[in-house]
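Asks: One structure coming up, written as structure tokens, with questions to follow.
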Amino acid sequence: MTKSLFRQSFLTDTLDVHIDVAPAEQVLSNGVKLKLYQRGVLEVIPEEYTQETKNVIISCGVHGDETAPMELVDSIIKDIESGFQKVEARCLFIIAHPESTLAHSRFLEENLNRLFDEKEHEPTKELAIADTLKLLVRDFYQDTAAETRWHLDLHCAIRASKHYTFAVSPKTRHPVRSKALIDFLDSAHIEAVLLSNSPTSTFSWFSAENYGAQALTMELGRVARIGENDLDKLTAFDLSLRNLIAESKAEHLSKPCIKYRVSRTIVRLHEDFDFMFDDNVENFTSFVHGEVFGHDGDKPLMAKNDNEAVVFPNRHVAIGQRAALMVCEVKTRYEDGELVYD
């Protein structure tokens with residue numbers, strides 16, 4: 001048996017800052033190649049790799065305290081090593097911010113998932129990580145066809161949600177809402193997908209905007225520490241992710257996800273800013289048309305559509321930052337294989 005790349009496992013070694021992580025390679029008995037580039041970055045290459053092979057980035061830990069995806073990824077990599085998990089897609093597994101994970105913190109100095117645009121940012125630990133991740137994505141997608149590129153950036157929500165799992169589809173200049181991607185969400189029993197209406201600065205947006213990748217930010221349950229996650233609630237997602245890696249069809253029934261469009265983004269403009277609901281309000285809490293739910297200066301914040309719902313509310317953001325997204329359910333259809341709505 002070939003000696004493992006890991007002393008214990010991909011996740012455990014990544015979080016053990018007392019050991020050095022040097023670049024290394026391993027070829028398994030089934031011909032699958034593992035390439036460890038640095039702490040928390042592992043490429044997996046199938047024995048047969050062609051121009052049609054999917055090139056899939058599976059990232060987690062962009063927010064260090066969102067650990068359920070790390071545990072799922074660690075289990076998949078163990079099964080790849082043992083030969084139990086079939087590999088037909090080329091994959092790049094990333095645990096993005098180990099130092100933040102060890103601190104049980106979302107981030108240390110700045111929100112990493114807001115640093116993937118081309119704007120100037122103050123130097124921070126997170127900015128250095130973002131710059132490294134951009135290069136990893138560039139190198140991974142080099143000489144690949146755009147239609148083979150996927151990026152699933154896996155997170156957990158910091159608040160309760162009316163949808164235990166949901167995804168955010170970035171808005172880009174490329175067709176990145178393919179039927180195959182939505183079929184994956186349905187197979188994974190992801191309850192809802194939120195269709196962004198403007199560019200952002202997230203990791204998944206970066207891959208979609210710059211490389212045309214089928215990319216999603218995926219919210220998988222609630223924040224918890226390693227070992228305390230309820231992974232049973234993510235079984236369908238785990239199976240579908242494994243099927244994606246194996247390029248095999250699901251054996252379980254799909255569940256169509258609810259589609260939401262972003263109706264508007266609430267940006268904090270004044271020091272005198274507040275919501276009328278508690279900090280622990282659930283994502284996707286809805287309001288009736290005209291209902292006031294906060295204020296920004298002397299301007300009331302109110303629902304402009306019936307059943308308009310709030311997602312990612314944060315009354316504590318700095319002036320000029322996004323304080324919430326407002327979303328509405330929307331009917332969708334496919335045009336030329338792409339999900340669209342009127």
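Glycine residues also receive a Cβ, built from the backbone N, Cα and C atoms like all the rest.
So Swiss-Prot has the following annotated:
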- His63, Glu66, His155: Zn(2+) binding site (BINDING)
- Glu219: active site (ACT_SITE)
Asks: Please report the Cα separation of His155 (Zn(2+) binding site) and Glu219 (active site) in Å, rounded to an integer.
Replies: 5
Asks: Between the Cα atoms of His63 (Zn(2+) binding site) and Glu219 (active site), what distance do you get, rounded to the nearest Å?
Replies: 11
Asks: Under DSSP, is His63 (Zn(2+) binding site) helix, strand or coil?
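Replies: DSSP call for His63 (Zn(2+) binding site): coil, neither helix nor strand.
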Asks: Give the residue from the binding-site residues His63, His155 that has the most other Cβ atoms within 10 Å of its Cβ, counting over every protein chain displayed.
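Replies: Checking each of His63, His155, the winner is His155.
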Asks: Taking the center of the Cβ atoms of His63, Glu66, His155 at the recorded Zn(2+) site, which other residues in this chain have a Cβ no more than 8 Å from that point?
Replies: Cys60, Gly61, Val62, Gly64, Asp65, Pro69, Arg106, Asn113, Leu154, Cys156, Ile158, Glu219, Val223
Asks: Rounded to an integer, what is the Cα-Cα distance in Å between Glu66 (Zn(2+) binding site) and the residue listed as 'active site'?
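Replies: Cα of Glu66 (Zn(2+) binding site) to Cα of the residue listed as 'active site' measures 9 Å after rounding.
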Asks: Near the Cβ of the residue listed as 'active site', how many other Cβ atoms are there if near means within 10 Å?
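Replies: Its Cβ shell of radius 10 Å holds 27 other Cβ atoms.
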Asks: For Glu66 (Zn(2+) binding site), just count the other CB atoms lying within 10 A of its CB, please.
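Replies: That number is 26.
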